[in-house]
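Have a look at the structure below, then the notes.
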Amino acid sequence: MTVRAVATGIGHYLPARVVENSEFEKTLDTSDEWIRTRSGIERRHFAAEGETTSQMAVHAAKAALAMAELRPDDIDAVIVATSTPDLTFPSVGTMVQAGLGMTRGFAYDVQAVCAGFIYALANANGMILSGQAERVLVIGAETFSRIMDWEDRSTCVLFGDGAGALVLEARTGSGHSDDRGILSVDLNSDGQYRDMLYVDGGVSTSGTAGKLRMQGNPLFRQAVEKLAATAHKALEKANLGAESVDWIVPHQANIRIIQGTAKKMGVGMEKVIVTVQDHGNTSAASIPLALSVGVSEGRITPGQLLVAEAIGGGLAWGAVVLRW
Ligand SMILES: CC(C)(COP(=O)(O)OP(=O)(O)OC[C@H]1O[C@@H](n2cnc3c(N)ncnc32)[C@H](O)[C@@H]1OP(=O)(O)O)[C@@H](O)C(=O)NCCC(=O)NCCS
């Protein structure tokens with residue numbers, strides 16, 4: 001008998017304001033056509049003035065709890081993946097705790113940029129397998145619109161805001177790959193790639209939040225290679241092959257990265273959840289958003305095998321194999 005961290009609820013929140021590619025044509029030397037063909041993005045949501053990462057996270061968490069039929073106080077731990085917290089501290093996790101009215105348990109943030117949700121899932125899985133928690137709320141929530149340089153056409157057209165939340169609960173499994181729940185995790189980082197994607201401000205340097213800087217093309221080339229490798233490694237750890245995959249739920253940065261990774265993995269695009277056209281790159285929120293959309297559309301169903309994979313600043317990357 002093995003303990004497994006099983007998904008029992010998923011939900012998401014997108015801010016009301018939708019910005020179509022054509023809006024950028026008014027202020028930048030860019031076009032809807034360039035953004036669509038180079039990235040696959042058609043629109044994204046931006047948080048309203050005063051709307052924060054923790055507020056969006058609370059909305060998503062409530063939806064996930066409703067699906068899991070749990071009350072906030074049933075939750076033992078809240079783990080929030082974000083690089084755009086409301087404040088330097090306290091954590092968004094504790095703000096979510098307060099926002100939900102939770103009076104017990106513990107909460108914290110993890111920061112692995114666009115790979116954040118994968119790292120948070122790994123954390124939650126560890127908490128459940130070690131008996132620290134039985135029910136964990138895992139959230140990815142971001143307001144990347146706050147760290148955009150609106151004069152840099154090579155970055156500001158690519159990102160969006162949003163939040164997704166997943167409830168994981170301890171369940172007994174057989175220890176085999178037909179169990180529901182998280183079956184394997186593969187995490188990687190390499191700090192020598194720091195300059196490929198970073199924010200040029202911070203507490204101990206500029207004392208400001210800073211703006212996002214990216215070398216898009218070299219990053220693109222790293223991404224496909226590393227994402228396919230980590231997905232393969234995670235599948236191998238679960239004693240499974242690519243033929244067992246029902247859905248790839250990828251980080252949604254660029255449709256060409258998503259397609260390149262699926263091809264390298266030997267999985268057809270009909271088995272990939274794609275939301276990049278509607279959300280843009282929402283960093284740590286992108287995988288739970290895609291998961292939530294996939295479930296709400298009835299495409300992802302119980303018992304199916306999912307591989308989630310992501311890469312981002314650090315570089316940090318990884319994959320999780322999970323049976324829904
Ligand atoms: C950013 C990205 C879409 C750019 O696509 P690309 O095919 O690599 O394009 P390049 O960066 O080589 O730029 C090609 C040209 O388009 C221009 N360009 C950049 N942004 C533009 C925009 N919004 N509109 C019009 N032209 C633009 C560049 O200036 C460049 O012009 P030049 O050839 O005259 O110098 C792509 O590199 C990418 O998605 N990279 C990875 C991003 C990513 O995954 N980031 C997050 C990881 S979590």
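Counting starts with 1 at the first residue shown.
Glycine too: its Cβ is placed from the backbone N, Cα and C atoms.
Unlike curated records, TrEMBL annotations are generated automatically.
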Looking at the ranges 97-101, 252-256, 262-266, 292-296, which is given as region 'ACP-binding' in TrEMBL?
252-256
10 Å Cβ neighbour count around C114 (active site)?
32
Cα distance, H251 (active site) to C114 (active site), nearest Å?
7
Among all chains shown, work out which of the active-site residues H251, N281 has the most CB atoms within 10 A of its CB.
H251
The domain 'Beta-ketoacyl-[acyl-carrier-protein] synthase III N-terminal' (108-191) resolves under DSSP into 26 helix, 35 strand, 23 coil
Provide, as an integer number of angstrom, the distance between the C-alpha atoms of H251 (active site) and N281 (active site).
8
